[in-house]
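Asks: Below is a structure I'd like to ask you about.
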Amino acid sequence: MFKAIVSASTLRNALDSVSVLVDECKIRLNEDEFGVRAVDPANVGMVDLTLEAAAFESYEADGGVIGVNLNRLEDIAGMAGSGDLIHLELDEETRKLHIQVEGLSYTLALIDPDSIRQEPDIPQLDLPASVVIEGAQLNRGIKAADMVSDHIALRVDEAEEAFYIEAQGDTDDVDLKLEREDMIDITVGAADSLFSLDYLKDMNKAIPKDAEVTIDLGEEFPVKLHYEFAEGLGHVTYMLAPRIQSD
Amino acid sequence: MGNSDLRSLASISEIPFSELEGSVVAVDAHNWLYRYLTTTVKWTNDEIYTTESGDEVANLIGVVQGLPKFFEHDMVPIFVFDGGVTELKDDEVERRREQRRDAEKQLEEAKERGDSVAAARLEARTQRLTDVIQTTTRELFDILDVPYVEAPAEGEAQAAYMNRIGDVDYVGSEDYDTLLFGAPRTLRQITSKGNPELMDLDKTLTKHDITYEQLVDVGILCGTDFNDGVRGIGPKTAIKLITAHGDLFSVLEARGKHVPHADRIRELFFNPPVTDNYEIETAITPDVAAARTYVTEQWEIDASEVARGFERIESSIVQTGLDNWG
């Protein structure tokens, strides 16, 4: 059983965070939250999303799992104005999701959850450094890096207590330095890792510019990006595996 | 080597390296190495790749020159070595040995005449994979953490199988026979400058509106590694005949022709000996220092010949997967 009403902007934020990595996903319809965990086919980027029941105008669910085509669902959600409410109701018999937006009714065929990639285990990582910055600052660093390279280095300078976003291209280099006072918070530790800009750009697309983004980092280790939306009731954690210099 | 007649039938298009990033490629090792061997042998003084005891290890230069291309484009190679010679191919192998002996004789003659162009061309043809080359290539792959698989028989058949069951994204080979072995997607010219070519099995079949089995029959009519083609039947005619008559045997009957062992040749394409005994490791962590020592000290190759290649391997950066962590 699943029946919910949610604002279009909240649903869109939630779906966007997942659709930047995968086209199809399983949605867990737990009693107290709506959750998705997915990893891209290359096993490089992972997303863990939870949207608490309180983020919905109304929410009733009993722990089922549905498989959805995210592009379809996003297209439908895109038909709503940002203030509009979206009604979702699962028809258990036909395994279809009925969606209503401002007089528009849509019946979405669901995908067999067993045909979707297994939900990944979240790697347990001990990441020594952490910074908290605004989505807009991360966006600026990523945009600049994208002008010169396909890779981006995220680094914490322990002595300077600074966070660096750096990129080296064939001819040009870019770096963005954020000092302690530029950031919301910093926990210094040894951290310097290189990432594919393709993945980070996609993740960045979903991160609201005004969100506080917590970035946990290590030395040639995956990065963990965490942010909240829907007034703290929606939680997204991304994990991205690093590129490593072979030696 | 396969039959290049197939080229005129195959659906082939250029594909930029950027679209290949992150893909896994089963590379026909013999075929790949051969390309680098011929160029190395053609352009490099043989003293550079010959040890004091007389072993020729031009392959080591080839491996160091060839691997960076995969790493730099974020592709994971898994090399497939040929196993035993397929029974049927014995005659073909024997014939090729003859050809090579002839080439060796001609090479001596060309050298005597002072015809360096002919000599270089012939030299390339006489290049073969000696036991030392077989062993040292594998040893260098081990040090560089590059995966490889030993095919029970034909390397192309094994690579095609791995592609068919979805373990790899592409087969890397210059050989058109990969189509007949049922490889869905073959990358050609991964050793050349510029973009590779993508040879697509499904598109090839759609283009001619035939089945995979019929394509194999077309191949047999035109000639494969295992048989000579039927005289007077080229690729276009073969397609027409197969479309009109349905299959190889009906065509042969209609034409009053015979292909020796046709049944067994078909079987070799449909059900070649293959193995599942391999592992695909996407995070390659080469020990460049050890590889350098192996190539330049143990096998006495001039360090300057491989410096650039090793530098490129060193500076190439590998994408890890989340399953490598925690």
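Positions of Cβ are set from backbone N, Cα and C atoms, glycine also.
As annotated in TrEMBL:
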DOMAIN    B:1-103  domain 'XPG N-terminal'
BINDING   B:Asp28, B:Asp82, B:Glu154, B:Glu156  Mg(2+) 1 binding site
REGION    B:92-114  region 'Disordered'
DOMAIN    B:142-210  domain 'XPG-I'
BINDING   B:Asp175, B:Asp177, B:Asp225  Mg(2+) 2 binding site
Asks: Just the number: how many Å between the Cα atoms of B:Asp177 (Mg(2+) 2 binding site) and B:Glu156 (Mg(2+) 1 binding site)?
Replies: 8
Asks: Near B:Asp28 (Mg(2+) 1 binding site), which residues of its chain come within a Cβ-Cβ distance under 8 Å, counting only those 6 or more away in sequence?
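Replies: The answer is B:Val80, B:Gly155, B:Glu156, B:Ala159, B:Val171, B:Gly172, B:Ser173, B:Asp175, B:Thr178.
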Asks: Between B:Asp225 (Mg(2+) 2 binding site) and B:Glu154 (Mg(2+) 1 binding site), find the distance joining the two CA atoms and give it rounded to the nearest Å.
Replies: 11
Asks: Under DSSP, is B:Asp175 (Mg(2+) 2 binding site) part of a helix or a strand, or is it coil?
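Replies: Where B:Asp175 (Mg(2+) 2 binding site) sits, the three-state DSSP reduction gives coil.
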Asks: So for B:Glu154 (Mg(2+) 1 binding site), how many other CB atoms are inside 10 Å of its CB?
Replies: 29
Asks: Between the binding-site residues B:Asp82, B:Asp175, B:Asp177, B:Asp225, whose Cβ has more other Cβ atoms within 10 Å than any of the rest?
Replies: B:Asp175
Asks: Check the DSSP secondary structure of B:Glu156 (Mg(2+) 1 binding site), expressed as helix, strand or coil.
Replies: helix
Asks: Averaged across the domain 'XPG-I' (B:142-210), what pLDDT does the model get? Just tell me the whole number, please.
Replies: 93
Asks: Excluding B:Asp28, B:Asp82, B:Glu154, B:Glu156 themselves, which residues in that chain have a Cβ inside 8 Å of the centre of the Cβ atoms defining the Mg(2+) 1 site?
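Replies: What remains near the Cβ centre is B:His30, B:Asn31, B:Val80, B:Ala151, B:Ala153, B:Gly155, B:Ala157, B:Gln158, B:Ala159, B:Ser173, B:Asp175.
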Asks: Is B:Asp28 (Mg(2+) 1 binding site) helix, strand or coil when read with DSSP?
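Replies: Looking at the DSSP assignment, B:Asp28 (Mg(2+) 1 binding site) belongs to a strand.
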